[in-house]
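For LEU7, TYR8, SER9, GLY10, GLY11, LEU12, ASP13, THR14, SER15, GLY113, the entry in Swiss-Prot reads ATP binding site. If you look up Swiss-Prot, you'll see TYR83, ASN119, ARG123, SER169, SER178, GLU253, TYR265 marked as L-citrulline binding site, on the strength of sequence analysis. What Swiss-Prot lists as L-aspartate binding site is THR115, ASN119, ASP120, and the listing cites sequence analysis.
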Amino acid sequence: MDKALLLYSGGLDTSVMIKWIQENLSMDVATLTLNVGNSDLVAIEEKARMLGADPVFVHDAKDEFAEKFIAKSIMANGSYEGYPLSTALARPLMAEKAVKYAQKIGAKYIVHGSTGRGNDQVRFEVSIRALDPSMQVLVPVREWNMMRKDEVEYAKTHGIPVKLDGKYSIDENIWGRSVEGPDLEDIGKGVPEDVYEWVVPPWKANAEHTLKIAFDGGIPSEIDGEKMKLADLIVFLNTLAGSSGIGLIDHMENRVVGLKSHEVYECPAATVITHAHRYLESLILNRNEAEVKMNMDWQFAKFVYGGLWHDPVMNAVNAAEAEFNRDISGEIKIRMSHGIMYIEGAWGNSFLYSKDLINYSSMAFDQRASKGFIDIYGNATVHSHNRNPKMVKEVQGSSVEF
């Protein structure tokens with residue numbers, strides 16, 4: 001009998017899939033649940049076993065997710081249209097583990113629960129095909145044409161326990177929590193407050209916090225002088241910044257498949273870390289570096305969001321980002337209050353910024369040199385403007401009234 005490995009979340013879709021695959025495709029079903037900061041892992045594992053999955057794998061990947069995926073995104077200020085890529089970053093890691101576990105048990109098929117309207121189907125399937133072209137991907141949600149009410153009825157008929165009180169579709173990992181659902185689709189209404197779980201709404205956030213974040217080579221390594229693993233540092237900041245109302249993102253998103261989607265993200269740690277990292281970059285990179293890096297950051301976000309983590313171009317992008325971040329080290333002091341972040345200090349040994357050079361009372365910068373610079377700098381504009389007689393005549397012939 002053929003085997004299929006299901007990326008299992010414990011929700012309605014993937015729970016129904018276990019029975020559906022067994023019943024309609026006559027396959028043995030194994031499940032893989034990746035721990036990247038999810039909750040209720042024990043309950044998910046028990047549920048998979050109860051539904052007849054065998055074997056059932058739960059893989060703790062929080063540290064790997066932080067160090068191999070989030071770290072690269074931090075260096076690239078990873079943001080797609082203002083969204084810190086939390087879900088998008090996790091999908092290629094899940095695809096990698098799915099391929100490895102499927103190969104380990106001799107499964108010919110990998111199954112995921114993404115719909116035909118979203119981005120995740122692209123992210124999973126492009127990565128799986130790149131990693132193992134012989135692996136086949138099954139997507140029952142696209143094939144069985146069941147609406148939610150049909151899935152609920154199927155679950156009841158087959159003795160599958162499901163929670164029916166969930167208003168939203170939620171995906172979470174340590175880098176962020178994403179929420180979508182019918183109550184968010186009417187953009188004529190405000191976002192219901194029951195959406196928020198990680199972040200206290202700014203208008204209700206009374207907690208104020210000040211802290212120092214130290215970066216080493218572009219990666220945060222310390223909070224207030226205490227060294228921390230990246231995953232632990234992120235979890236700590238999620239709680240602290242969230243209590244100050246930091247990290248709410250009400251987002252209208254352009255999906256890969258061409259649809260627009262209204263989603264809400266809660267990304268406290270990602271918001272704080274990216275803000276501090278950008279500020280540190282502004283103190284260290286010169287203008288040419290900053291301009292090129294800004295374009296590279298956008299390319300990184302576009303490729304990650306679009307499911308192209310395993311495209312060879314990412315090797316070049318990540319290598320460039322690592323080079324730009326080589327000297328991004330220092331300490332940033334941030335105050336967080338009512339959803340707003342304030343930079344209250346910066347320290348480091350690689351800063352190009354110098355108060356002595358910019359100070360108006362300083363003699364360190366010879367202002368007399370500016371005249372020659374302006375003459376040379378403006379040559380192209382002056383000559384190209386004056387080669388057009390019509391433009392010169394229009395300016396010279398215009399009158400000014402006093």
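Residue positions begin at 1 at the first shown residue.
From the backbone N, Cα and C atoms, a Cβ is placed for every residue, glycine too.
A coil conformation is recorded for ASN119 (L-citrulline binding site) in the three-state DSSP classification, outside any helix or strand. Most Cβ neighbours within 10 Å among the binding-site residues THR115, SER178: this distinction goes to SER178. A 10 Å radius around the C-alpha of SER178 (L-citrulline binding site) takes in none of the binding-site residues listed as GLY11, ASP13, SER15, THR115. Cβ neighbours of SER9 (ATP binding site) (same chain, under 8 Å, six or more residues apart in sequence): THR33, ILE44, GLY113.
In sequence order, ILE249, HIS251, GLU253, GLU263, TYR265, TYR305 constitute the residues six or more apart from TYR83 (L-citrulline binding site) in its chain with CB-CB distances below 8 Å. Each residue in SER114, ARG117, GLY118, GLN121, VAL122, ARG123, ARG255 lies on the same chain as THR115, ASN119, ASP120 and has a C-beta within 8 Å of the C-beta centroid of that L-aspartate site, without being one of the site residues. Residues LEU7, TYR8, SER9, GLY10, GLY11, LEU12, ASP13, THR14, SER15, GLY113 make up the record's ATP site, and a Cβ search at 8 Å around their centroid adds LEU6, VAL16, MET17 from the same chain.
Residues LEU7, TYR8, SER9, GLY10, GLY11, LEU12, ASP13, THR14, SER15, GLY113 are recorded as binding ATP; their most distant pair of Cα atoms lies 13 Å apart. Cβ packing within 10 Å was compared across the binding-site residues SER15, ASN119, SER169, and the lowest neighbour count falls to SER169. Sequence-distant neighbours of ASP13 (ATP binding site) (same chain, six or more apart, CB under 8 Å from its CB) are GLY113, VAL141, GLU151, listed in sequence order. In this structure, SER178 (L-citrulline binding site) is part of a beta strand by DSSP. Sequence-distant neighbours of ARG123 (L-citrulline binding site) (same chain, six or more apart, CB under 8 Å from its CB) are ALA88, ARG91, PRO92, ALA95, GLY307, TRP309, listed in sequence order. The number of other CB atoms found within 10 A of the CB of ASP120 (L-aspartate binding site), across every protein chain shown, is 20. For the pair formed by LEU7 (ATP binding site) and ASP120 (L-aspartate binding site), distance between Cα atoms is given as 12 Å, rounded to the nearest Å.
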